[in-house]
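Copied over from Swiss-Prot, here are the features:
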type: BINDING; residues: 80-87, 184-190, Glu211, His243; note: ATP binding site
type: DISULFID; residues: Cys592-Cys608; note: disulfide bond
type: SITE; residues: Asn418; note: site 'Not glycosylated'
type: SITE; residues: Asn557; note: site 'Not glycosylated'
type: TRANSMEM; residues: 396-416; note: transmembrane segment
type: TRANSMEM; residues: 429-449; note: transmembrane segment
type: TRANSMEM; residues: 478-498; note: transmembrane segment
type: TRANSMEM; residues: 507-527; note: transmembrane segment
type: TRANSMEM; residues: 536-556; note: transmembrane segment
type: TRANSMEM; residues: 631-651; note: transmembrane segment
Amino acid sequence: MSSSNVEVFIPVSQGNTNGFPATASNDLKAFTEGAVLSFHNICYRVKLKSGFLPCRKPVEKEILSNINGIMKPGLNAILGPTGGGKSSLLDVLAARKDPSGLSGDVLINGAPRPANFKCNSGYVVQDDVVMGTLTVRENLQFSAALRLATTMTNHEKNERINRVIQELGLDKVADSKVGTQFIRGVSGGERKRTSIGMELITDPSILFLDEPTTGLDSSTANAVLLLLKRMSKQGRTIIFSIHQPRYSIFKLFDSLTLLASGRLMFHGPAQEALGYFESAGYHCEAYNNPADFFLDIINGDSTAVALNREEDFKATEIIEPSKQDKPLIEKLAEIYVNSSFYKETKAELHQLSGGEKKKKITVFKEISYTTSFCHQLRWVSKRSFKNLLGNPQASIAQIIVTVVLGLVIGAIYFGLKNDSTGIQNRAGVLFFLTTNQCFSSVSAVELFVVEKKLFIHEYISGYYRVSSYFLGKLLSDLLPMRMLPSIIFTCIVYFMLGLKPKADAFFVMMFTLMMVAYSASSMALAIAAGQSVVSVATLLMTICFVFMMIFSGLLVNLTTIASWLSWLQYFSIPRYGFTALQHNEFLGQNFCPGLNATGNNPCNYATCTGEEYLVKQGIDLSPWGLWKNHVALACMIVIFLTIAYLKLLFLKKYS
């Protein structure tokens with residue numbers, strides 16, 4: 001059995017215009033007829049850990065075992081029960097599986113797959129990953145802008161988009177939003193066709209689909225398969241996994257690959273599968289769906305199958321008596337290995353590979369891009385901004401909440417006085433403003449978590465670099481959503497509270513609140529990047545902010561904390577924001593206007609000036625005492641964003 005990493009590099013001269021290697025004869029007709037994908041001795045194993053945490057031991061599990069086959073232009077279905085390995089095989093063929101634990105060869109027209117195979121082939125995931133706030137046409141435009149060559153004019157790209165829309169029958173809904181849980185959009189079938197259209201933009205010779213009928217009713221599922229059948233007649237090689245198709249869908253299949261427990265039960269023409277199982281002693285009842293019949297055989301849970309096996313027990317026993325004592329899956333696998341279908345497949349595989357072992361070359365999982373970094377950044381930012389405007393619950397609602405909260409706080413603390421109560425109220429409202437900015441930034445955890453599947457799919461497909469996506473999301477989503485509330489909040493609260501009537505103090509407060517929001521949001525991204533569940537990231541963020549509040553400077557005087565604990569204050573975002581706001585507001589204030597500052601003060605214990613209050617809080621009165629807090633927040637922003645980027649960069653993108 002040959003063993004290699006599945007991806008290899010080949011010279012450009014060996015590929016055609018679609019990025020796939022040509023046949024040995026270099027016949028141009030092969031391009032229009034599609035590509036022939038063959039797989040030789042595919043084995044896939046994963047290492048799992050079993051047992052309790054103290055003594056967990058790694059256990060190797062075999063997902064695919066010695067799988068061979070050929071996928072030609074047409075509809076190639078991979079059928080099997082849940083957990084049988086059909087999705088794993090599809091991912092292996094599409095070069096979307098982690099190479100570790102993988103062995104075997106996958107060839108295109110008898111040559112190794114090109115390094116950019118993932119970008120030149122199409123792959124439609126099971127859960128449709130399209131931007132719901134955009135229209136069908138806008139989603140296709142995004143795919144065309146990032147996956148088609150920059151040498152193509154906008155007119156040529158629009159022609160390609162219109163052709164795909166017409167081919168998929170999306171003319172009537174082309175300018176309708178796809179839809180989200182808050183926005184009513186297109187139907188399930190139209191959404192699935194939009195996902196297919198995103199891949200057809202590159203005009204791939206090979207199209208992979210992971211269970212394309214999932215979540216669709218029988219009529220819609222039938223319509224989707226009829227569409228795929230029509231596409232296959234145009235010369236495309238369409239490979240898809242499917243769980244339990246109805247007969248009207250099954251009869252459309254050109255090739256059938258039947259898997260169970262990672263073993264091959266059958267591989268060959270779909271319409272000859274019934275005859276194959278009949279020769280093995282399994283007879284399908286009249287009016288029974290062949291696909292259901294095959295699954296019944298594998299699972300061994302059909303009464304009809306049991307009766308038929310009982311009728312043919314003698315004949316089967318004569319042919320292979322030893323198989324009666326073996327597990328059903330192993331028995332069916334051996335029957336296939338000894339069949340004429342297997343021998344014909346092996347002979348054709350030998351002919352395709354030229355009878356020679358391919359040179360094994362270890363390569364990294366590199367992804368090629370057709371567009372530049374700046375081009376990708378512009379389109380990712382544009383889409384993110386449209387998504388922001390199309391999500392009222394995330395944009396308009398947040399602004400409304402900010403306005404209402406600002407008015408409420410302004411009413412509670414309205415017209416702060418310059419007396420002892422003014423000191424307490426000022427400190428209280430400044431502390432609230434700081435902590436509110438922190439907890440409002442918890443919503444930033446959704447920025448990468450919600451779009452995780454979309455990001456992974458588009459990144460592997462070569463839409464954009466991680467850096468383009470990361471920076472684009474920051475510029476179009478994070479910056480405006482944290483900057484605008486800070487501006488609104490400052491404009492409302494500052495004048496209602498009657499804070500220091502100086503322009504520079506007003507803008508320093510606004511800038512401080514923005515820096516607190518950015519640093520808290522950056523921390524949220526650092527925690528949430530790579531996470532799959534929003535609730536887990538939100539819980540971690542809340543715990544961190546509650547801990548930081550203790551060291552903010554209001555709940556405890558930081559000068560009184562023991563030295564072995566005082567260093568924790570330097571990790572508190574609210575502490576830097578609260579200190580800067582106090583320095584900005586209290587410096588130069590007089591809270592005992594009726595007393596002569598130069599005379600003897602009968603109330604020596606009272607705090608009469610802002611400077612006295614700041615000194616008691618351990619705050620430096622110099623200008624550096626103000627700006628060092630902003631420098632610290634800026635450093636935290638850089639550190640947290642770097643962590644978030646690295647987590648996205650090294651995120652496990654292959655299953």
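Placed from the backbone N, Cα and C atoms, the Cβ positions cover glycine too.
Stretch with the largest number of CB pairs closer than 8 A to the transmembrane segment (396-416), among 429-449, 478-498, 507-527, 536-556, 631-651: 478-498.
For the binding-site residues Gly83, Gly188, the greatest number of Cβ atoms within 10 Å around a candidate Cβ is found at Gly188. Counted over residue pairs 6 or more apart, the CB atoms of the transmembrane segment (631-651) and the transmembrane segment (478-498) come under 8 Å in fewer than three pairs, which marks the two as apart.
Classification of Lys86 (ATP binding site) by DSSP places it within a helix. Around Cys608 (disulfide bond), a 10 Å sphere centred on its CB holds 21 further CB atoms from the protein chains shown.
The transmembrane segment (429-449) shares more Cβ pairs under 8 Å with 507-527 than with any other stretch in the list 478-498, 507-527, 536-556. If you look at the transmembrane segment (536-556), the same-chain residues 6 or more away from its ends with a CB under 8 A from one of its CBs are 427-428, 431, 434-435, 438-439, 442, 445, 449, 520, 523-524, 527-528, 568-569, 571-575, 578-579, 582, 617. Look at Gly80 (ATP binding site): DSSP puts it in coil. Spatially, by CA atoms, the recorded positions Asn557, Cys592, Cys608 include one closest to Gly83 (ATP binding site), and that is Asn557.
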